[in-house]
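> Residues or ranges marked as substrate binding site in TrEMBL: Asn21, Gln54, Asn74, Gly84, Asn85, Asn167, Asn200, Glu218, Arg219, Gly228, Ser229. TrEMBL lists Cys83 with the feature active site, proton donor. Marked as active site by TrEMBL: Cys83. Sequence annotations record features per position, and here TrEMBL assigns active site, proton acceptor to Cys227.
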Amino acid sequence: MEQHSALSQPWTFTKMHGLGNDFVVLDGVRQSFSLRPEDCRRIADRHFGIGCDQILLVEPATDPDCDFRYRIFNADGSEVNQCGNGARCFAVFVRRSGLSDKNPLRVETRAGQMSLHIRPDGLVEVNMGVPILDPAAIPFRAEAPAREYALPFRGQALPIAAVSMGNPHLLLTVEQCDSAPVADWGAELEQHPAFPERCNVGFLEIQDPAHLRLRTWERGAGETLACGSNACAAVVAGQLWERLADTVQVTLPGGTLEIRWAGPGTPLYMVGPAEVVFDGTWIPEGEKT
Ligand SMILES: N[C@@H](CCC[C@H](N)C(=O)O)C(=O)O
């Protein structure tokens, strides 16, 4: 199959979203892509491109235990290890495009394997794997694992949790999500030197042990309407702080996810919707008339 630069050839895509976290999903099994960071930025651009928070690429698996390879690119062009809302869309895309009707699907990511199950009610359940709390593996600069860290930030010691769901997350609590300084603090905390690979920043309003409100500043994308992996990390943090139950409804600006976690060393499960918006064709410059 011919490998071509993403922008110089026509290709088809599907626009999807999971709770308003939106994606351009590409079939890299029947088409072949070479996605450079500048190609991703153009595709994700909401004025000069298609517009999305992330680009998801479905590729043939390289691991014989897996059905497909799941690749994720942020709007800023960076390739990353994990995207929870995207995983649900990936499962629906694979079924709808006729690539496979296997259910559950096992996919390989840069963070390991994931299992995606489309339920009879149409919601998708994702086994997100075992949350990572070891600072070196997050990666997060700390002497030893802790439930809470005091992060130096703007002259204060900010109480935070650090969790990896395959990608790095910083979690902090706020009185009210609606007035949280998501853009102001989020942009700076994303680049905090304690997180050498940057991080996704979650602002948690814990309402009761089974209900959490959350807004997220995503690494490489800014504030989004929902971040699945950040919602998972927020439940992990809330449980470590002994403020959340095993099953939690997480309400984000774009809607609600159900997240179940039985505690350290066990896998975490996320359930939520995945919606198709439209199918389209990318037309390269010079072929538009
Ligand atoms: N929106 C995603 C996360 C996408 C990747 C993230 N921005 C990162 O850089 O790690 C989700 O739903 O998990």
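The backbone N, Cα and C atoms fix where each Cβ goes, glycine too.
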> Can you give me the residues near the recorded substrate site, meaning same chain, not Asn21, Gln54, Asn74, Gly84, Asn85, Asn167, Asn200, Glu218, Arg219, Gly228, Ser229 themselves, Cβ no more than 8 Å from the center of the site's Cβ atoms?
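So the additional residues around the site are Asp53, Ile72, Val80, Gln82, Cys83, Gly86, Thr216, Ala221, Thr224, Cys227, Asn230.
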> Looking only at C-alpha atoms, tell me how far Asn85 (substrate binding site) is from the residue listed as 'active site, proton acceptor', rounded to the nearest Å.
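Answer for this pair: 7 Å between alpha carbons.
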> In whole Å, could you give the widest CA to CA gap in the substrate site formed by Asn21, Gln54, Asn74, Gly84, Asn85, Asn167, Asn200, Glu218, Arg219, Gly228, Ser229?
17
> Hey, how far is Asn74 (substrate binding site) from Cys83 (active site, proton donor), Cα to Cα, in Å?
10
> Please report the number of other Cβ atoms within 10 Å of the Cβ of Asn21 (substrate binding site).
30
> Quick one: give me the count of other CB atoms within 10 A of the CB of the residue listed as 'active site, proton acceptor'.
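Result for the residue listed as 'active site, proton acceptor': 34 neighbouring Cβ atoms inside 10 Å.
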> Give me the non-local Cβ neighbours of Ser229 (substrate binding site): same chain, 6+ apart in sequence, Cβ-Cβ under 8 Å, ordered along the sequence.
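Result: Gln82, Cys83, Gly84, Met128, Met165, Gly166, Asn167, His169, Asn200.
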> Considering the recorded positions Asn74, Cys83, Asn85, Asn200, Arg219, which residue's Cβ sits among the greatest number of other Cβ atoms within 10 Å?
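The residue with the densest Cβ neighbourhood is Asn85.
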> Between Arg219 (substrate binding site) and Cys227 (active site, proton acceptor), how far is it from one CA atom to the other, in Å?
10
